[in-house]
Amino acid sequence: MNWSVAKPARRRPAWLRPRKGEQGGEWSSSAWKVSMENIGEQVVCLIVYHLLFAMFVWSYWKTIFTMPMNPSKEFHLSYAEKELLEREPRGETHQEILKRAAKDLPIYTRTMSGAIRYCDRCQLIKPDRCHHCSVCDKCILKMDHHCPWVNNCVGFSNYKFFLLFLAYSLLYCLFIAATDLQYFIKFWTNGLPDTQAKFHIMFLFFAAAMFSVSLSSLFGYHCWLVSKNKSTLEAFRSPIFRHGTDKNGFSLGFSKNLRQVFGDEKKYWPLPVFSSLGDGCSFPTCLVNQDLEQQSTPAGLTPAVKNLEGHQFPSKPLRESQSHLLTDPHSWADSSTNSDKGKVGKKGMSNPALTIENET
């Protein structure tokens, strides 16, 4: 005799049971309208979505794995200079050693006391806009900040990548929120089937919208920094020059400030490939609080600074890669007279910011 007991039929979950008005336990076609019906609209959305996602991942990858640039060897002290600094107490003698070491370096900025910016940890003279990162334990060229979200320092080498990362992540979230909006509205008007999918739609919209708000504020802030040619550190503490603090000391105008970060070729602007101008060790700037005794120069020419010997030097110690951001690169180079060329060739071009410090 077969004593087996027939198993009761399994009931479908509540969200799979037919609703009132549905026949044969099958969903009506209108109940499943949770996706786009137009094939062209689907193709366009898929292309845009994957394009934004690919650019977002690419720029995020470059921001994370691009190593921050450090000052070049010319900013490091020699072994003999290090020995002198270790023997001499901090004071005027200490600064005299640093001044001699920095006489041919293109630096303009100073400490709050007017001294040469020197890093004890790295044992080097800091270039303009360079700061020591306590997390990375090294000096970073044009340091903006140390970002925990990318676990890397944002500076000269990857600042463009960081901006593109913010831009594409913002566009990515806005696109998701925009395409999800119509279904989010249907959720509150009972236009969606009573399934678990509607809760996914609600969560996706809220997440995309909240990230869009936070990213838009952060991206807008960095766009303002680029327009003013500032870093985050410089926005909180303005750079200090020989004659005082100048919050716009490195600003060259909106167009030139933008080109300094993104480069001259616009075709590379939307791509996370390095195209920034310069080497990160020197930046074009202008003199702060020029002396009234300086001779006036014709329009279009850069005023020069005189040292004790009467030599004429350009007011902006630039590398050739950035000199064209200001004016014609030959306009200030030709400002030196032919009689000065022999002396400058022998002694090397002194840094005008350091030359000013010798004046009384």
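Glycine is no exception: its Cβ is also placed from the backbone N, Cα and C atoms.
Copied over from TrEMBL, here are the features:
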type: TRANSMEM; residues: 39-61; note: transmembrane segment
type: DOMAIN; residues: 116-237; note: domain 'Palmitoyltransferase DHHC'
type: TRANSMEM; residues: 161-179; note: transmembrane segment
type: TRANSMEM; residues: 199-221; note: transmembrane segment
type: REGION; residues: 310-360; note: region 'Disordered'
Chain residues outside the transmembrane segment (39-61) and at least six past its termini with a C-beta under 8 angstroms from it: 150, 161, 164-165, 167-169, 171-172, 175-176, 179, 270, 272
Overall pLDDT of the domain 'Palmitoyltransferase DHHC' (116-237), taken as the mean: 91
Counts of helix, strand and coil residues, the domain 'Palmitoyltransferase DHHC' (116-237), according to DSSP: 67 helix, 16 strand, 39 coil
For the transmembrane segment (199-221), distant same-chain residues with Cβ under 8 A (at least six beyond the ends): 34, 163, 166-167, 169-170, 173-174, 176-177, 180-181, 183-184, 187, 192
